[in-house]
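Per TrEMBL, the features are as follows:
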- Thr274: active site, nucleophile (ACT_SITE)
- Arg302, Val303, Gly304, Asp305, Thr325, Gly326, Asp327, Gly328: substrate binding site (BINDING)
Amino acid sequence: MKLNLCRSINNSKSLCKNPWELMRCRTEGCRWWDWGLGIRCIILLPRLCPSGRVSPALGGGTGFHFRDSVLAHEVRTSGQYPLVVSTWPFLQAVRAAWRAVDSGFSAIDAVVEGCSTCEELKCDGTVGPGGSPDENGETTIDALVMDGTTMEVGAVAAMRYVKDGVRAAKLVMQHTEHTLLVGEKASAFAMSMGLPGPTNLSSPESMDKWIKWKKNGCQPNFWKNVLPAKSCGPYHPKDVPSAMDLTKGTCSGSNLLGALASRSSHIGLDNHDTISMAVIDKKGHIAVGTSTNGATFKIPGRVGDGPIAGSSAYVDDEVGACGATGDGDIMMRFLPCLMPAIGWFGSCSAYLHLSDFSYQVVESMRLGMEPKLAAKDAILRIARKYPDFVGAVFAVDKNGVHAGACHGWTFQYSVRSLYMNDVEVFTVLP
Ligand SMILES: *[C@@H]1O[C@H](CO)[C@@H](O)[C@H](O)[C@H]1NC(C)=O
């Protein structure tokens, strides 16, 4: 019956006259006609929204128009799980998560296995101990886990002296009513719950890097509008140009723009990396986890996007998951993972709620979204305001369809599914 419905829609010339039927068909699992026709359907749907509402989410007033600088691609697996998706070619981490989930672990436990493998291996020097020294030379840890079934989140931020970030995050989720613990209090909590510490999180390499940076006048750094501008602190506030100066286009205005542009000069692959991982377990439950030691030479106390739900990662079993990496200070202003993981048509859904369409229709749209478009849109929303930002997201829907999008750098993400002999790495060009 379902198949007949799909087939009749497929054969029908008036395909998109009835997008509701089509969306229902999609959500009932007829994926075989999906690619070509799905696109047509998605193009149609926005017409159901007032144009003013939908255009911003589509990246321009004229419908589907993506800037060339943002690329995404999408890969369809056969819709079976378990499945592991992770930022970057962190092969060992993905294998560890895969072994766990394949042997029957829950999505949460597998995500913890995967991310903590990266912490142990100090992936790229930006996960776990021994990397990304702050201005005082100290390494601190940000991590998060989120359960897409219960929507529970546990996270630690700027955690000192404890190397097991993602395990600490899981302890916050499982043994407290809280979501986020920070700083030394997070360390005390983690140790009281049995994690090893206090540990010196610095390494000879991180100290080396830090000493060189100090010798270089503490450049580059993350300060702006301070004096001294070109040497180590202590820093003092410099007069900040007022909004009026900016509209008059004075020199101070162009200085501010200069500061924004120079930001990108000290952001790169070796400076901003996060493992962000999504796992779908054998029951179809989804979890995400992240772990990072943050930005190198950050101002002590800085917390990036890593432990922020909706920014570095987000998950909802009913829809899918998202993971992000990049310039966290910028990305956390946009919550780029929220939209892909709750459904690309968020703005449209809001409208539909107000009108007389049923909730089920909105749900169908949520389920019918394309991960590729969701990932692209998340990146484009940031690029419109910060054309120089560096970042990437992956999105995976609950059926295992995954995609990535990036800006300012080439992004790679890793996948392990039932149909792969080992981890496969997908490359997304900026
Ligand atoms: C921590 O380890 C680093 C690198 O091995 C070392 O230089 C530093 O002195 C240590 N800090 C303390 C307080 O022991």
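Every residue gets a Cβ built from N, Cα and C, even glycine.
Overlay of TrEMBL feature records on the structure.
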residue: Thr274; record: active site, nucleophile; DSSP class: coil
residue: Arg302; record: substrate binding site; DSSP class: coil
residue: Thr325; record: substrate binding site; DSSP class: strand
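Of the binding-site residues Asp305, Asp327, Asp305 has the largest number of other Cβ atoms within 10 Å of its own Cβ. In this structure the alpha carbons, written CA, of Asp305 (substrate binding site) and the residue listed as 'active site, nucleophile' are 9 Å apart. Among the binding-site residues Arg302, Val303, Thr325, Gly326, the ones whose Cα is located within 10 Å of the Cα of Thr274 (active site, nucleophile) are Thr325, Gly326.
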